[in-house]
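Taken verbatim from TrEMBL:
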type	residues	note
ACT_SITE	CYS2	active site, nucleophile
ACT_SITE	LYS611	active site, for Fru-6P isomerization activity
DOMAIN	2-225	domain 'Glutamine amidotransferase type-2'
DOMAIN	294-433	domain 'SIS'
DOMAIN	465-606	domain 'SIS'
Amino acid sequence: MCGIFAYLGKKKAQPILLDGLKRLEYRGYDSSGIAIFDGTKIEVVKKKGRISELIHLLGKKQLDGRVGISHTRWATHGIPSDENAHPHFDQLRHLSLVHNGVIENYQLLKQRLINLGHTFQSETDTEVLAHLIGHYYELGKEDDPTARLIQALKRSLKEISGTYGIALIHSEVPNLLVGARRGSPLVLGIGNEEYFLSSDVTAICPYAHKVVYLNDGDLVTISSETFDIQSLNKTNNGFEIRDVDQTEMSASLKGFPHYMLKEIYDQPETIRNAFRGRLIQEEATAKLGGLNMSPQELLRIERIQVIGCGSARHAGIVGEYLIESLAHIPVEVEFSSEFRYKNSPMDRHTVVIAVSQSGETADTLAAVKEAKRKGLKVLGICNRVGSSIARETEGGVFMHAGPEIAVAATKSFTSQVLIFTLLALLLGRLRFLSAREGHEIVEAIEALPDQVAEVIKLDPQVRELAKKYAHSKRFLLFGRQFQYGVALEGALKIKEVSYCSAEGNPSAELKHGIIALIDQFTPSIFLCPKDGVYDKNISNMEEIKARGGPIIAIATEKDDLVSKVADEVLYIPNAQEYLCPILTVIPLQLFAYHLAIILGKDVDKPRNLAKSVTVE
Ligand code: F6R
């Protein structure tokens, strides 16, 4: 959600900034811009639209300078336009600023500055912050311009409420790049006599060998020789310089036409990465050292509260069924955004599990902080090492799925479900689950990567189905028990990338209202592998068939009955019902992908969306 990339070093800044922006484009893509200091003044070029538009506008123009900032925007305040694109200047055009986050009191501050004679070029909250810092800089008494700028920044940051990750340069302080964060991510990259600031470590991987994940409240000043990090929060204690994690290396398309398809095809590997080294054959259980909890502590858990947004919450819903079935621990799944404002009763034996691919989702991060404030133990299931949620939580499990670039989550969902399976197995084996049952699950998990690869082979068949149903405006998805979360996830995928309306439902809810939507133009997609509710699903399909609704079923291989009821069947390999969600979701991901392509949509960058939602 908005990407910031900044550079200070000995090389020309422009190509590096543009390259960084391209790597961050998935975070927002309604406008972009760069600002470079050329030795006397700051030049800004910005443009509505994709980064390719900015590159087109720049043409052969090379802004000369070795320090600069850049931004790719996902609009919050002000429509996508050239004027609202970042970077923004202060009143005197000495300072240029890029920002990710939301300044909640910007209207008040703007009015104050207007009263002082300021004029604004945009509708953004960011421009107000640029003006405010510029205003305090002009008022500053310090002789040294660096000290004056830092003082002005500190004073301004104290006055704003809301969230920010910012980077700025100032023409009177030529060799200085400044960054700060509160609630929005910012990473410092250290290369050979060069420094970078980025919203995301992936974008600096090709350039930096060391990184510092800035903490909330950190302010970093970077000069050509060195950098300095001060904490504006009394609670922060220091920073850590880490080696760049190679798994964060920017992903390439590897010959696939889109990241979404590539990431669907990554799943045999990412599933394997999620359980590698985490299964103990002899004890028929899982080992999750990152939880930082002893068996005694794990045994004391009486209730689990899962929080997450979007796909992460859907994975949590599958996790609820897994943990309740295998470990008999009550689980509740809540939207992070609801949890943070809801006063749910919790006791000290409740453990909160925050699920987040990016580890930066603002609502989940805020919910984590709220749970911690209540004294609860909070664990994380995250993909991004070093992310805010990974650092805020006391322990957790990393997904090791590699960078997920497509806006629509695919491989992160299956990794999250797999991790819930490991957790359910671990908690179950500490309680009632027998060694025999444990063994069966361990074996089934080990068989999964090959089974996932089998399901991916359905791709051509799914593409044909998508073609056949591409005229449909609405899809209904049905699944129950372990498949309910999958139905929700499949519907979200269809909505996100094809913009068709899609609804996920527990199958049995059909007759409580949804059946009114059934007609010959509304396909129903049924998740009906051979599981405990198979017969019930077949009955629901019969009810739809009787009303003329087309049915696509995702069923277990060798199931002949289902093809008598459904119009189309996609067969997955035979698997334990606990593990079926990882298999059944893949045809849905492929279906959404092909539907979007057939309908001519930008599948990796769907309209209005952005990855990593760092605003509330
Ligand atoms: C769906 C999707 C979003 C995310 C949600 C949470 O395809 O990408 O719904 O799942 O924004 O994001 P994370 O997992 O990064 O917290």
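Using the three backbone atoms N, Cα and C, a Cβ is placed for every residue, glycine included.
Across the structure, CYS2 (active site, nucleophile) and LYS611 (active site, for Fru-6P isomerization activity) place their CA atoms 9 angstrom apart. A coil conformation is recorded for LYS611 (active site, for Fru-6P isomerization activity) in the three-state DSSP classification, outside any helix or strand. Broken down with DSSP, the domain 'SIS' (465-606) shows 68 helix, 28 strand, 46 coil.
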